[in-house]
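J.: Below are the structure tokens for one structure; questions will follow.
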């Protein structure tokens, strides 16, 4: 046992129920829609899953007729908005008496201790203090309240006053001041009072944003053959292969088995490409001169948009492409740059639109739609998530000698990523932001991560002493939609758990409100009998190695594209959300998967023990009843199957009382994170390849980890299958269990009515049916089973 895992941690690592005050409320008390002159069953606002936060908004639009400085003869104005101890400043303009700023400042109402709002217009000076031009003062009690969907408050011109406020001075400023909530249109772009000191990049990196993953395609390049390829050495036949490159992805065909100038390969090379297609397909036909030397015999660059987009498995027409051959050598002079079309290559290339490009693990998949939009079905539900707050976050870095954390939350579901605003210098940040996603499949997972922002432009230093500017992981939460009841609001506080080289650490808690609304129950039930992924994944599947490689390439493309947004969603954030390192070997994970299987077999062991007790007559009454049942089933074998189904129906109904009341979360005991040995942690956080000294040990150690990683995956898959059997009657997925219990009842009744011999005959004939009557697509029971949730969702 790890001494770091204290007994009192067990409660800390569990989910907690919370009772937040959700929904909009009128500024002076009372819930909106809860009586009075507006009443409805459900608040019409889109902000009904978050706690309402009031803000004082000050919009500074522009100024006019500002006086010039008598010394310099010019005016370099800027505006300072001050509310008590908080202030915000606009940028200054050089030599401009009619500047336009159009900036909005937001001051949290709970932090305001002043009764007035002061808007100062000042002039920037190079030396000494700033010059005062004039001010406008607003009484907090007179500030109007705006409740969306009211139109925005119109800004007005105000004459500037002198320092004492006794008389007016030259110049006017256009300002609007109102009290609103985070539902206000001005909220996303507002400069918050706690972030007013930031400059440059930091101003943009604290705002909330929505990102969209790039549209990914699989590019299938079928290299058929080449003709008339010429090596530099004309006396020998080339042993050719083709190298294809798209961006940073490079794949090669096998060597043509016989040396010839007309080589044949007929090999498929699969790449991942993202719209808009910026990269080209670069093909080179090369000759294997020696094990260490390859000679280029011809090349061609092809833009990706010229290729056909395939929406099914119908074959694509092949084409011949002329290869460009470059001459080399000093004697040829300027002819080196001329193209010689001496050979050509035969290709069949298409962009696959009927596959779903996997950029995340299938265990935690959040989207199953094919690439081509024409193949999308209608959404079956709406997912709404209110990201409320976090509590008890640990200091992630030091600033001015004190520990601090600048936390933000990222949520990923389908193609849509959301990022909340960064709350600066708070261990208990309150975001209260709500986001919505369309749901196309209930058997999907939303992932939320909390991070510390290291890109605010200050003098922050990591608390651990490292000097890298990388956003730190605070923790992650996964929620499987099929485990949620429809139209129910789940409000829980999730512990943020991170495994570190020193052991498992709780970094704080994040409070969420989640609601899954069903748009079409019939469509949802219909989906349970269909494959999770588009049908092309089953008609023309990829190999396991191809899937691993393609997923890695897809993750890289998504990370690069989101890193180019403004503000960027950084690579370390995207990789953590997509579980980039989940395939690495870990003694802890292997042990956890082994004990998942052991716990599954414990039920079988319990039944065998019970049968042993029956045989030993430990309880005579039970043994006599088993004898009676045994004789009945021997005399009437047709009762065996309906009795089993009836028992499962009754067990399912009985287990309804014990159904889980909250979404599953990271289970530290299941993950063996509490009792992990320090040496195993050292191995888990070791680099790959290992950083050990001896060369032989390094080679063997890496090989062991690679093989053991595959074994770990297989063991985990076995555990997943067994846990799906348990999920049939456990009500973890309420709709799936309801369907199965209903099917059990229908099957029990049908099997009671139908003679057993007919059932046995039909079953045998169906099992022995001819291949032409078999489909490549998985059967309905198989599809239903694959959609059932497993405890993999709770694995850390």
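Each residue, glycine too, has its Cβ placed from N, Cα and C.
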J.: Choose the correct range: of 558-590, 624-656, 657-689, which one does TrEMBL annotate as transmembrane segment? Give that range.
T.: 624-656
J.: Given the ranges 476-493, 494-511, 512-529, which one is assigned the annotation transmembrane segment in TrEMBL?
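T.: Range annotated as transmembrane segment by TrEMBL: 512-529.
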J.: Counting only residues 6+ away from its ends, which parts of the chain sit with a Cβ under 8 Å from the transmembrane segment (624-656)?
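T.: Those are 614, 728-731, 737, 740-741, 744-745, 747-749, 751-752, 755-757, 759, in sequence order.
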J.: Can you tell me which parts of the same chain pack against the transmembrane segment (594-612), counting only residues 6+ beyond its ends and a CB-CB cutoff under 8 A?
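T.: Residues 670, 672, 715-716, 718-719, 722-723, 726, 791.
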J.: Over the span of the domain 'C2' (37-158), how high is the average pLDDT in this prediction?
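T.: Summing pLDDT over the domain 'C2' (37-158) and dividing by its length gives 80.
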